[in-house]
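Below is one structure, written out as structure tokens; the observations come after it.
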Amino acid sequence: MLHRVEISRSALLQSVEQYRSVIGRSQFYAIVKSNAYGHGLRHCVQILSPAVDGFGVNHISEAVQAYDLTDRPFLVMGRFDADEARQLLDLDASRITVVLSDIDEIRQLSELRPDLPFHLKIDTGMGRLGRRGSLLDRVFSYLEEHPDLRWTGIMTHFANVEDVTDQSFAEEQLRLFEEAWQRAQVAAKGRPLIRHAAASAAAMILPQSRLDLVRVGISLYGLWASQATKLSHLSLGGPHLQLRPALRWITKIVQINDLPAASKVGYGCTYQTQQASRIAVLPVGYNEGYDRRLSNRAYVVIGGRRAPVVGRVCMNMIMVDVTHIPDVHAGMDAVLIGRQELDGHSDEMTADAMAELSGTINYETTTRIHPDLKRVVVD
Ligand SMILES: *Cc1c(COP(=O)(O)O)cnc(C)c1O
């Protein structure tokens, strides 16, 4: 096996436990969309099932893929069309809640599965799914006129918690959500509703956003939503979360090349050896999720030491300089994300550092790891 994406069971469970200790009585939903942010949907659902209250996914098909591994409910947060909605026919009403924004969608669901519960999405400032203003009023009126519908909650999503330490935009969103809540309770005519708003960052730093349920994605995997979120969290009093990254990505050296000084490496000849160099070839490239912008910038860890990426990242391969590492040979492990300790040497490439080097965020870095690479659960 040339690739191994190791998922730490204890790191995932530690995140849930840590969150539970700060969020109080809110329900904990683990967000496992996009192959659990690249960590492996089925493995993560299996590990987390005993520890969480439910799972959040983007699409019905993700709930279907993991449905048999847990008895917990799924919240389907993204859009689906009428054809795709037919997958709902096989699922139990106690196990699936969908998120809807508009009267048309509510009608469509009630024709297909009138027994399935749904939450109403409300736009309070994200400008994505959900309605606001007069369109929202119309949805509430419709719900009020149809007391038989299985409407069980309202939700919203924050636009600007991760990128700032000043939370005034989120506070305004919460104020609008509170207004919607007042209106919702009238429209519900006694139907019990729950409400939720917080993803990882808000759940961590905005206590008033925790409400009935928190939807935790990135932090579940032991990663901070951003540096600003980490700083904000640490500046608050009270218990502080201890997060440990749950993922390590490891490949193996497939060839060693001993090249003389002034040799070119890779497409475009963007790298030239300064001295006689030992260059290792690794079977990972942008197809596998190793970003091309890491060309000549990132490093991997081999034998507990840094091996810089030299030349351009190819579609399925990269080259790294291992001249300074003793006893390198084909078949040896190369750590792309994670720490490696070996023979008294230790170094690490974090998902955060890799994201920074490729001009993106940790969310994208782990989500891009190709789903075909084998995930293995450790500890
Ligand atoms: C992805 C997502 C989340 C989780 O966000 P994190 O920042 O990863 O915790 C929560 N709610 C909605 C609606 C989402 O789309």
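Glycine residues also receive a Cβ, built from the backbone N, Cα and C atoms like all the rest.
Spatially close to Lys33 (active site, proton acceptor) yet at least six residues away along the chain are Gly56, Val57, Asn58, His59, Glu62, Met77, Gly78, Gly217, judged by Cβ distances under 8 angstroms. In this structure, Lys33 (active site, proton acceptor) is part of a helix by DSSP. Here TrEMBL flags Lys33 (among others) as active site, proton acceptor.
Residues or ranges marked as active site, proton acceptor in TrEMBL: Tyr267 (among others). Non-local contacts of Tyr267 (active site, proton acceptor) by the CB criterion (under 8 A, 6+ apart in sequence, same chain) comprise Gly311, Arg312, Cys314.
What TrEMBL lists as substrate binding site is Arg128, Met315. According to DSSP, Arg128 (substrate binding site) is assigned to coil rather than to any helix or strand. For Arg128 (substrate binding site), the Cβ neighbour count at a 10 Å cut-off comes to 10, with all displayed protein chains included.
Under the heading domain 'Alanine racemase C-terminal', TrEMBL lists 246-378.
Feature annotation from TrEMBL assigns N6-(pyridoxal phosphate)lysine to Lys33.
Using a 10 Å radius centred on the Cβ of Met315 (substrate binding site) and all shown protein chains, the other Cβ atoms total 11.
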